[in-house]
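Visitor: First the structure, then my questions, so here it is.
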Amino acid sequence: MAGTSVFEVTASDKDSGLDGEIEFIVVNGGTPFSVDSGTGVVRVAANLDYETDTSYSLVIRARDKSTATRSVAEQTITVTVTDVNDVTVTCDSVATQVIPDPNSVNYVVATLACSDIDDPPTAVTYSILSEVALPSGTTTAVFSLTGSNLVLTGDPQNTRYLVTIEATDGTNSTQVEIVIITETQLRLTALTSPVTVDEGVSGNTLHIFNWTDVFPFARVTITSGNDDNKVILYSTSGDLVLLSPYDRETTGSYNYFVQASTSSNQVATTTLTVEVNDVNDNTPKFESSIYFVSISENAIVGTTIITLTATDLDSAAFGPVAQSIVSGNTDGDFAIDPVSGIVRQVKLLDRERTDSYTLILKATDQNNVSSTATLTIAITDINDNDPAFSQPVYEFNVDHNTGMGVSIGNLSVVDADDAVNAETDVVIDDAGVTGIFSLSGLQVETATIMDYEVVRRYSFQVKVTDKGATSRSGTARVVVNVLPATEEPKFDPVLDTITIDEGTLAGYQVYDLDATLLGASETDGTMKYSIMSETPAGGFTVRSDTGQVVSLVTMDYETSAKYDLTLQACIVLDCSIKKVDFTLTIAVIDINDNTPYFNDGSYSIQVEEIVNVSTVLDTIITATDEDNSSPFNVLTYTLTGTSTDFELVDSTSGAIKVANSLNFQSQSEYSYLLSVSDGGTPAKSAQVSVVIQVQDSNTNDPIFTTGSTTTVPDSSPVGSDVFHFHATDADTGPAGELSYGIIIDSSGGVFSLDPSTGILTTGQLLDAAVVPSYTLTIQVEDRGTPIRSAQSTLTITVESTVPNNNDPVFSPTVINVGLARDATFGTLVTTALASDADNGNSGELRHKIQAGNSDGYFAIDSQTGQITTVTSVLLANDAYTLTVVAKDNGVPQRSATATVSVVISPPKTTLTTVDYSWTVTENEDANTEVGRIDVDTGRTVTGTYAIELGNFANTFKISLNAGDSRGILEVNVPPDYETKPLFSLLVKVGTDIGDVYKVVQIQVVDTNDEPPVFAQSSYTLTLAENTPIGSTVETISYTDADSDSANRDNILEVKAPGTSLFTIDQLGHLTLLTSPDFESMSTPITFDVTARENKSPAVTATTVVTVNVIDILEEETVPSSDVTDDALISLELPYQSSNGHVLHTFKPGDFGIAESATATVEYVTVQAGDPFTIDTTGTITVTDSTLLTDATKYIRWVICRSTDGGVVTSRLSLIRIDTFDRDTQMIVIEFAESLTNLRNNIVNFKKRTQVFFSAPTRVGFAQTFDTSTSGARRRLLATQSVAYAYAVADTSADDIANLNQNKTFMTQEQLLAILQQSADGSPVAGLSDPSSLTVSTVQPFGSTATSNSFWKTPAGIAILVLITLFIVILVGFAVVCLLYRREKKK
């Protein structure tokens, strides 16, 4: 082994010192030996293996340690390796052995082959270590070893054995395991016959053939029965697989003959029968797709029309086939027997009503598989209708002296019958007119000369007869009027054109017709005039007797410049023949009767400030003159105004051009009057106001208005405000919208600047001891084109702070003080000074009047707490209650308040009233005039004007106007509304009779000088994907220091890319427009929300919103009784539910998450401002019942997060809650069992109740109650508990795809009709579950029914009978007494 000493090499050197010291090394490497360099001992360095190398030759070198030339000597050593028995016996593996049947003793089961590679090799001996039967493991003794042969020495009683044999060379050994199978008679086992399979399917395994498991080399095959190759049998696995579908209608049963065989030539056979199940794969069919029959219209009801036959190749399980009429039988004239197929007539027919029917017939099996056929029924005619004339009386006119054979009129005949039954003959059925009139077909003709003087009127009957087998007839009367001799009307000429002036009034005669040229008369009433057509209509009429054409309307050229009339004159007695037409054209002459006008009452036009001179404005104003002819519609334009910066292009249009260069700051708006006149005499004209607004261009640089230094405590947390940069820009619009940025930063990113608001905040913690100050260069730039900018440098001093452990303290906290009414500016009112026990910044206090100083009469020194007047209090109120707050500079900041009550005397009502009341705009420029002061009448100003009181911060100044001796009050320092909104000035002026005092009150008008400020400079939101549309996910708040409400009117806006996902209302509610989808969007999403003042110029603030969307595994099918597909959990409750009502408690299974006892589960939802709260345990509770309304749907998304063994599973589902009315849509089911028992069995009872309702109705229970106590609601003495039940009539609303669909609830009456046996509340049979819950009653909700009446018991009924008998006896006795008294009176 390694380290064993083998040999010691020795060497000597006669030198001394290093020259005589010797060291040893092995020269030839690669041998498993080493030498000790000092002693020369040769040792084994690695384990030796005789079987690899039997000897080694080592060259050992000895050398001295001389520092000069080293001397060496070498010696060769041969090392011989002796063999030891160290090699394990190796054996070949033995496969599973099979002992054939039959077998005999001494049968050699297997021969082992083991060897030993030691040299010399050692003989290997064998022994059986164990012999067990499988799988029981029982020890057996049926095998033995003869040398290396394993021999069968006994009768094997088991089918499988495991024999473990040890092979050893005396020192080392190895084990060999042999699995032995004893062959027995081959059998096919577990045969199931017959096997059934549906026709039309394939790919499924019909059967698996098994055989005795001792034959690993058995094979199975189909010997016959598979001629059509429908199946395949896998020979080794025994799987019989259907390759192609069966068709029961072709072959209904198969017998497969199967053989199993082994390598030892054993054979077993069996037969497998496969029965093919019928499926409804055949359509029932009629014998023909088209049928045609005919039937007489007088056929009697019940007549058989035709017998149809429909068959279905499927089995009787899908029959019988039902036949029906599906269309064409609108009036129900026919019926078909669904079984026999006999089509019968069921109503009387009428060919004249319907001459043919086309019926669509359908044959349907029991699975609603169907086919159709067409049956056409033709109705044959009978002569059942009389022929008839089209009218009962015909009246014709004929002229005097009309000759023979002249047609004077036509008759018309109809017969509703068909063919020969409709053929007719017409004759004159009156002998009195024989030879006077005749018929030619249906024409009435003269048979003699008509003479008006002899007969003026004829009347006779005509008769029509059909040609039916039994003829039918009809009559009519003909009246012929003989007309006297008259002349025909005539015009000459037959057309004319005239003119008429526009404005001619209605009733004016424009023309006189004359049609009397041939002798026709206008005076005897034989001729009349009429208008046959008029374009346009309604302008004129004609007098029928004289032919005078008269206007009906006042003539208007613009309405109609021409009228075309067709007039007619005719003989009254024969207008159809004796008539003549006349065409009259009337032209209207135009006059200047319309005033030109502009389409709009005024015009507002925008123009860019930098537009070039001579540019024509985009808006061209055009006037309209409704006169249609020249010169009345020729218009001339003029433009007048106070400025010549704009002018007309020319006088023919309203086009305006720029005449001079524009400057927005000098003049942003122009007003002009545009006039237009027409060419009439006199001319008509109109004017319109034109306002031209100059749009600001980027012509001004922004200007910083803030300082250059500030301080910040080093205890300020990250995100603290440091400085608010503010700049102004005289431009407006985008050119006036400013953006801030740091361009030189000595801090290296310690600070960050909001580009929109200009607010500088800390981005890191500060340390005054490390860096006491920073310098930043800030650039502000506008958004105009080109961009203009300005820079400002800010020095930031970092103050060292100490812990802030103590609140400031006022002593006292309430101060009452009086103040004289004549107190002037700067008068000390009182001192409200707080103290602070802290040191450093934490002990530095700032005092401020927080409330009660709305009109600005008082100010407080932030350091000393001294309260002084900032103006005269002459006009102040009589009393003020000031709230003073003291705040330290520590972190966190601490504060305290004190109340100061100031009473001013004498009362204000005794003082002089205000002489002047003026207003001045906040930040008004210095030297702006506010107003002028006059002295009293009769006085002369001899001195100067001076402001004696009230001039806070020297805001105003006054001077003498030499021209009129008035005092001019001007702005000295721009006023600030937020500092002092109201000034009361006492002005003194010297006059000839002494000083005069005037009281001036000046109200500062708030301007938009304070930007809106968001409560946070940024928001980070986390949303679950699929959060529903309309969900409010955050409230973003802001403030605006401007005092005037108009200046605090800001518009909140979401900027891109957030506009596609969110909207925001003016309360700051950030609401989803679309449902976020993690898979389709990149997160996080970052966008700006701006607060923009709703006026111009607008100041805008910005906050940054970052939205992270959580990926949720969308659960498509959630198994739960109260949960529906598509990740929708659908719940209901009465809208009258009260606070605290628990609607549901979620389980992980509701979300498709496996429940585990070791898992931690929590539920997360977005609070939606609805009536419900969902806590982290998954309990839904009503918390604001005032928000519950009837028939309302509430939507929530809920995430179930399960953590089990460090694995987190999150799934999201949509929660839908619908409300219903308990008074009309809920019933009460009462039980005899306790509430505990009811709640333990409510799920099963719900399933039991559901059986009484057909799909798609779903039953639910709103609440369960204990009624066993005296105070509970109860009806029966046996009642212990109740459940409130309802039913959703249509569960389609439970599908997430129908989320917008309203739920429909069954009414109380419908529920009772299903679950009540009778009106007394008895439950329907089968509703009770005898093993768990017994239903006492089923009642409407709110029923006032009492417990079972005593009068329904046998005792009660007996008493009722006795009472009834007693009443009958009393009535009988009363009747007898009455009769007795009556007889006695007689």
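Any Cβ shown, glycine's included, is placed from N, Cα and C.
Curation does not apply to TrEMBL; its annotations are automatic.
So TrEMBL has the following annotated:
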- 3-104: domain 'Cadherin' (DOMAIN)
- 221-286: domain 'Cadherin' (DOMAIN)
- 287-389: domain 'Cadherin' (DOMAIN)
- 390-491: domain 'Cadherin' (DOMAIN)
- 492-598: domain 'Cadherin' (DOMAIN)
- 599-704: domain 'Cadherin' (DOMAIN)
- 704-810: domain 'Cadherin' (DOMAIN)
- 811-904: domain 'Cadherin' (DOMAIN)
- 912-1014: domain 'Cadherin' (DOMAIN)
- 1015-1121: domain 'Cadherin' (DOMAIN)
- 1357-1380: transmembrane segment (TRANSMEM)
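Could you place the listed features in the three-dimensional structure?
Guide: The DSSP breakdown of the domain 'Cadherin' (221-286), given as helix, strand and coil counts, is 0 helix, 33 strand, 33 coil.
In the predicted model, the domain 'Cadherin' (704-810) has a mean pLDDT of 87.
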Visitor: Can you break down the domain 'Cadherin' (492-598) into helix, strand and coil residue counts using DSSP?
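Guide: Split into helix, strand and coil, the domain 'Cadherin' (492-598) gives 3 helix, 51 strand, 53 coil.
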Visitor: What does the DSSP secondary structure composition of the domain 'Cadherin' (704-810) look like, as residue counts for helix, strand and coil?
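Guide: So the domain 'Cadherin' (704-810) is made up of 4 helix, 50 strand, 53 coil.
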Visitor: Counting Cβ pairs under 8 Å to the domain 'Cadherin' (912-1014), which of 287-389, 492-598, 811-904 comes out on top?
Guide: 811-904
